[in-house]
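Peer 1: Below: one structure in structure tokens.
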Amino acid sequence: MTLKKRTYLSENQIHARIEAQETPSNHSRMAKTNIVIVGAGVSGLTTGLLLAKNPKYSITVIAKHMPGDYDIEYCSPWAGANYTPFSTAGTREARWEKETWTPLADLAEKVPEAGIHFLKSREYVRDKDHNNTRTTNPWFKSFIPDFRVLDTSELPKGIDGGIEYTSICINPALYLPYLLGRCRASRIIVKRSIITHISQAYTLHHTTKPADIVINCTGLSSLTLGGVLDTTMAPIRGQTILVRNEDPMMIGTTGTDIPDELTYVMMRASGGGTILGGCAQKGNWEAEPDLEMAERIMGRVKELDPGFVGEGLDVVRHAVGLRPWREGGVRLEKERVGEGWCVHNYGHAGYGYQTSFACAGDVVKLVKEIVGERSMA
């Protein structure tokens with residue numbers, strides 16, 4: 001007996017067939033909007049997740065790098081990542097931070113597999129680094145839990161003031177795959193692809209039909225991506241040390257005696273270790289860790305929190321990430337590109353996680369505007 005050779009469909013083909021079956025007969029009135037998201041970092045995946053709530057959108061995420069990858073071009077895995085508002089009251093950044101708090105806090109409370117947990121957080125202020133009004137009356141104290149001003153008896157040597165509140169810390173090694181899984185469960189198709197020009201994304205929707213809208217979440221790559229070439233983008237280099245030591249308190253200072261270096265400690269959820277940092281070196285593309293800087297970071301942490309260091313630090317690895325800084329702040333706007341539309345959502349510097357849901361929500365609003373304009377055309 002001769003067995004028939006089986007033909008297997010790809011995931012893209014399966015979903016294309018399902019979508020074809022679900023398309024109503026009145027196609028002109030109910031046709032889906034094809035969307036391609038470029039980038040699978042925290043911005044791209046969160047944007048996809050919120051867009052997928054609308055069943056009229058057919059979404060593909062394309063990216064060179066995916067959760068699980070570690071590459072200097074891929075910023076999100078290298079993040080701490082924590083929630084520490086540092087925007088100015090009344091700005092769009094402040095709104096983004098406020099609107100993102102609740103979704104992240106809900107995940108920390110209700111979804112342990114997301115890799116987010118609550119931690120007490122202390123911000124230490126040195127008068128020579130920062131205006132002291134932030135210490136006593138920050139704009140975010142109205143919604144962040146357990147806010148209080150530290151007593152002088154609680155301040156380490158060299159610190160002039162401080163605040164404490166309950167915040168969250170994110171383990172990117174768990175959170176990014178969680179977002180990816182949520183996207184796939186929402187029937188978003190995800191595939192690896194390298195593009196050199198934004199126009200190429202319009203040809204990469206999983207149905208093989210042209211995309212109606214492309215969402216640009218390429219971060220620092222927007223500097224070199226054809227059709228974007230945003231020369232206002234620049235890296236802000238960050239260097240960290242991952243250790244096995246555990247610290248139940250998240251700590252940060254407003255500065256150090258070295259202008260572009262920082263001091264912070266944050267323990268990731270679910271055995272993710274503790275991150276020690278750091279630096280903020282604008283324009284520095286160096287991907288290799290500076291071991292002399294690492295020694296300075298560990299020395300400052302030991303001085304600030306000797307109980308945490310104890311008999312020594314158990315180092316897992318040194319790491320470097322490049323924050324996608326943009327002069328003038330995040331680019332979040334729609335742009336006509338040929339016959340299609342592009343919505344840009346990039347340039348979040350060091351606050352991509354703590355503004356992710358609000359920025360994605362703004363993208364959803366812009367997409368809705370575009371779809372409305374197309375239906376009236």
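Using N, Cα and C of the backbone, Cβ positions are placed for all residues, glycine too.
From TrEMBL, here are the annotated features:
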type	residues	note
BINDING	THR218	FAD binding site
BINDING	ARG323, GLY350	D-dopa binding site
DOMAIN	35-364	domain 'FAD dependent oxidoreductase'
TRANSMEM	35-52	transmembrane segment
Peer 1: Determine which residues of the chain contact the transmembrane segment (35-52) at the Cβ level, with the cut-off under 8 Å and only residues 6 or more beyond its ends counted.
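Peer 2: 58-63, 65-67, 74-76, 79, 81, 172, 175-176, 179-180, 182-183, 186-188, 190, 195, 198, 201-202, 204-205, 211-219, 221, 345-346, 348, 352-353, 356-357, 359-361, 363-364, 367.
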Peer 1: Given ARG323 (D-dopa binding site) and THR218 (FAD binding site), what distance in Å do their CA atoms have, once rounded to a whole number?
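Peer 2: Spelling it out, the Cα of ARG323 (D-dopa binding site) and the Cα of THR218 (FAD binding site) are 12 Å apart.
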Peer 1: Taking just the CA atoms, what is the gap between THR218 (FAD binding site) and GLY350 (D-dopa binding site) in Å?
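Peer 2: Here the two Cα atoms are 15 Å apart.
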Peer 1: So what's the mean pLDDT when you look at the domain 'FAD dependent oxidoreductase' (35-364)?
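Peer 2: Averaging the confidence scores along the domain 'FAD dependent oxidoreductase' (35-364) gives 96.
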Peer 1: What kind of secondary structure is ARG323 (D-dopa binding site) part of, going by DSSP in three states?
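Peer 2: Once the DSSP labels are grouped into three classes, ARG323 (D-dopa binding site) ends up as strand.
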